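For reference, the structure discussed in these notes is given below.
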Amino acid sequence: MNPLIFTLITSTIVLGTMIVMTSSHWLMIWMGFEMNMLAIIPMLMKQYSPRSMEAATKYFLTQATASMLLMLAIIINLVYSGQWTFTKLMNPTASIIMTVALAMKMGLAPFHFWVPEVTQGISLLSGLILLTWQKLAPLSVLYVISPIINLDLLLTMSILSILIGGWGGLNQTQLRKILAYSSIAHMGWMTSILIFNPMMTLLNLSLYILMTATTFTLFMTTSTTTTLALSHTWNKMPLITSSTLIIMLSLGGLPPLVGFLPKWMIIQELTKNNNIILATLMAITALLNLFFYMRLTYATSLTMFPTMNNMKIKWQFNHTKQTKCLPMLIVLSTMTLPLAPAMILLN
């Protein structure tokens with residue numbers, strides 16, 4: 001892609017998200033979503049192929065439907081309240097429709113159907129943008145309207161997202177699909193605590209973006225898209241591969257890695273709010289997500305086939321293109337759990 005066009009598209013994506021996050025006018029928020037959607041589609045088709053065309057079409061149809069529902073909710077709220085700005089007296093019907101529209105844009109279950117297919121059909125860089133940056137705009141709107149969201153609807157979608165995110169990733173061999181299902185599960189964790197403690201949602205989102213960005217950067221460094229290809233990188237780049245596996249375990253929420261921190265704090269907060277059954281269900285379903293990451297780690301590191309001795313030192317002569325910020329991302333993605341006591345005391 002031409003660098004000038006790439007810069008223009010990226011700037012439009014950022015601008016659309018910033019408009020959504022900073023506006024208090026419903027029409028401006030809708031326009032920001034539309035700018036973001038129309039700008040991301042050329043990014044999805046950056047590597048032209050039938051799969052990328054199919055992925056971009058699925059993304060467009062889903063986001064267009066969500067935008068239509070969002071506009072319907074805005075109009076209903078306008079008729080009820082008589083104003084275009086945020087109001088705490090939102091019509092219950094408009095609130096439900098808007099929650100469904102934002103869930104479709106985020107990929108929450110049961111509106112998750114497009115996330116794995118679209119992520120699988122695009123490049124790693126586009127997948128990184130789709131699973132991180134594209135979550136900011138709808139989640140920011142949910143954050144603002146959280147006091148008036150239907151609690152039962154949001155918690156139902158959260159539990160379904162955690163369950164489907166763990167269940168769907170069990171039989172996957174494509175790394176992009178695994179990360180897509182992991183994204184669905186993480187969105188479920190974020191929305192489950194949104195009404196009770198919105199600041200904890202922001203903490204979870206920050207750590208999720210950090211870990212996902214690091215994982216995608218490592219995959220781009222090794223040009224890896226399948227579990228088989230990941231296992232073959234062990235002899236060539238053992239340090240990069242071991243770092244990838246540790247960060248994926250962190251994404252699964254294995255203590256003492258940093259991915260355990262948001263799950264721990266969310267379950268603690270739900271318990272404080274007397275949601276014992278919900279916290280128990282989330283803890284049990286989180287094991288599904290951790291299981292397929294542990295299975296991937298086991299298959300990659302502990303089931304290596306016998307190799308010749310001269311292959312063991314191949315990594316010493318392999319000059320791979322390194323990213324300067326990669327070591328810092330790896331450290332932040334795995335070793336920030338000691339911040340937990342300070343966060344709990346501040347909370």
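Cβ coordinates are placed from backbone N, Cα and C, and glycine is handled just like the others.
Within its own chain, the transmembrane segment (13-33) is flanked in space by residues 39-40, 43, 63, 67, 70-71, 74, 77-78, 84-86, 105, 129, 133, 136-138, 140-141, which lie at least six positions past its ends and keep a Cβ under 8 Å from the stretch. According to Swiss-Prot, the transmembrane segment annotation covers 13-33 (among others), on the basis of sequence analysis.
What Swiss-Prot lists as transmembrane segment is 59-79 (among others), and the listing cites sequence analysis.
Per Swiss-Prot, the feature transmembrane segment maps to 96-116 (among others).
Per Swiss-Prot, the feature transmembrane segment maps to 122-142 (among others); the stated evidence is sequence analysis.
Marked as transmembrane segment by Swiss-Prot: 144-164 (among others).
Residues or ranges marked as transmembrane segment by Swiss-Prot on the basis of sequence analysis: 178-200 (among others). Tertiary proximity for the transmembrane segment (178-200) is limited to same-chain residues at least six positions away from its ends with a CB under 8 Å from its CB atoms, namely 106-109, 112, 115-116, 118-120, 127, 131, 135, 139, 142-143, 146-147, 149, 151, 154-155, 157-166, 168-169, 172, 208, 212, 215-216, 251-252, 262-263, 265-266, 269-270, 273, 275, 278, 282, 286, 289, 292-293, 296.
The transmembrane segment annotation in Swiss-Prot covers 210-232 (among others). Tertiary proximity for the transmembrane segment (210-232) is limited to same-chain residues at least six positions away from its ends with a CB under 8 Å from its CB atoms, namely 124-125, 127-128, 131-132, 173-176, 179, 182-183, 240-241, 243-244, 247-248, 250-251, 258-259, 296, 299-300, 303-304, 320-323, 326, 329-330, 332-333.
Residues annotated as transmembrane segment in Swiss-Prot: 246-266 (among others).
The annotation transmembrane segment is assigned in Swiss-Prot to 276-296 (among others) on the grounds of sequence analysis.
Taken from Swiss-Prot, the feature transmembrane segment applies to 326-346 (among others), supported by sequence analysis.
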Top partner of the transmembrane segment (276-296) among 59-79, 96-116, 144-164 - counted as Cβ pairs under 8 Å: 144-164
